Amino acid sequence: MSKGLLLLWLVTELWWLYLTPAASEDTIIGFLGQPVTLPCHYLSWSQSRNSMCWGKGSCPNSKCNAELLRTDGTRIISRKSTKYTLLGKVQFGEVSLTISNTNRGDSGVYCCRIEVPGWFNDVKKNVRLELRRATTTKKPTTTTRPTTTPYVTTTTPELLPTTVMTTSVLPTTTPPQTLATTAFSTAVTTCPSTTPGSFSQETTKGSAFTTESETLPASNHSQRSMMTISTDIAVLRPTGSNPGILPSTSQLTTQKTTLTTSESLQKTTKSHQINSRQTILIIACCVGFVLMVLLFLAFLLRGKVTGANCLQRHKRPDNTEDSDSVLNDMSHGRDDEDGIFTL
């Protein structure tokens, strides 16, 4: 009787374990319209023995409810839609499910079931997915107001180079001087007109000035004057409240003379600087050469003096021996004389 009760109790316990799925549950929060990955890993994965499936809803007693995806241990063999995929390496047990382009219907509970051979050995994992709206942050807008600058129109910009060309030819020859002065006087009388209707008259007069200037003979002096005039155009432009009034010939000549004098002063200063540098270099070279010669002579004199001293030192002991021999001879001679006197 006791054995029957024991067997009945074991059967009921096994049936209860079979009916109650032992599955863990995680919660994943995602955002609508963005991909979401539901984690699932199995460390003891075997390519030949294990397989797995993903389903919608909690894990049942066997297989997966509303199966979304299934693998055979190495690769995906079936899937419900292309939005469900496994980005990990299936052969190493990385079977996390990735859902792309999520919507509200994708929220809920998902089951990851890893099938292991044997009774009650399947690994079950429930993952709850909660989808929310992505928070949108407004970018700060910066408004920049355009700055308006007043534009002042001048009515006589084209007469300036023509009048300057007539004055530049003055120092070349004597006959064209009369033409240039007359043309300049007429230009001065017509410059103050600032109405738009006077453009035609001014342009015709400007063309007349250019034709008169073309009749003048071209030479090297005229070309040089043209080069200087291009730098003086900025000086001749009208400034102040009366933009139409041109400067007089005396002002032009004074400006040209000041420019030429300033250029000549700059050239002279540059030439003086160059000459001073050259003279300094020449003097330094000469001084260095003289010092080298003096050092060479001193070295030679020192060698001669040392040689003479050495010779004198070598000759001194010979002189002493000679002097000793002479003194001995003199002493012997005196002894002989004393002996003769004694005899």
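In case you wondered, yes, glycine gets a Cβ from its N, Cα and C as well.
In Swiss-Prot, the feature phosphoserine is assigned, of Ser78, Ser100, Ser262, Ser323, to Ser323; the remaining candidates carry no such note in the record. In summary, of the candidate residues Ser51, Ser250, Ser331, the record from Swiss-Prot lists phosphoserine for Ser331, whereas the others have no such entry there. Cross-referencing Cys59, Cys64 with Swiss-Prot gives Cys64 as the cysteine bonded to Cys53, criterion being a recorded disulfide. Of the candidates Ser58, Ser241, Ser325, Swiss-Prot records phosphoserine for Ser325; the remaining residues carry no such annotation there, which does not rule it out for them. Each residue in the domain 'Ig-like V-type' (23-128) has a pLDDT score, and their mean in this model is 91. Under the DSSP three-state reduction, Cys112 (disulfide bond) is assigned to strand.
Across the structure, Cys112 (disulfide bond) and Cys59 (disulfide bond) are spaced 7 Å apart at their Cα atoms. Cys53 (disulfide bond) is 10 Å away from Cys59 (disulfide bond) when you measure Cα to Cα. Considering other CB atoms within 10 Å as the measure, the emptiest surroundings among the disulfide-bonded residues Cys53, Cys59 are those of Cys53.
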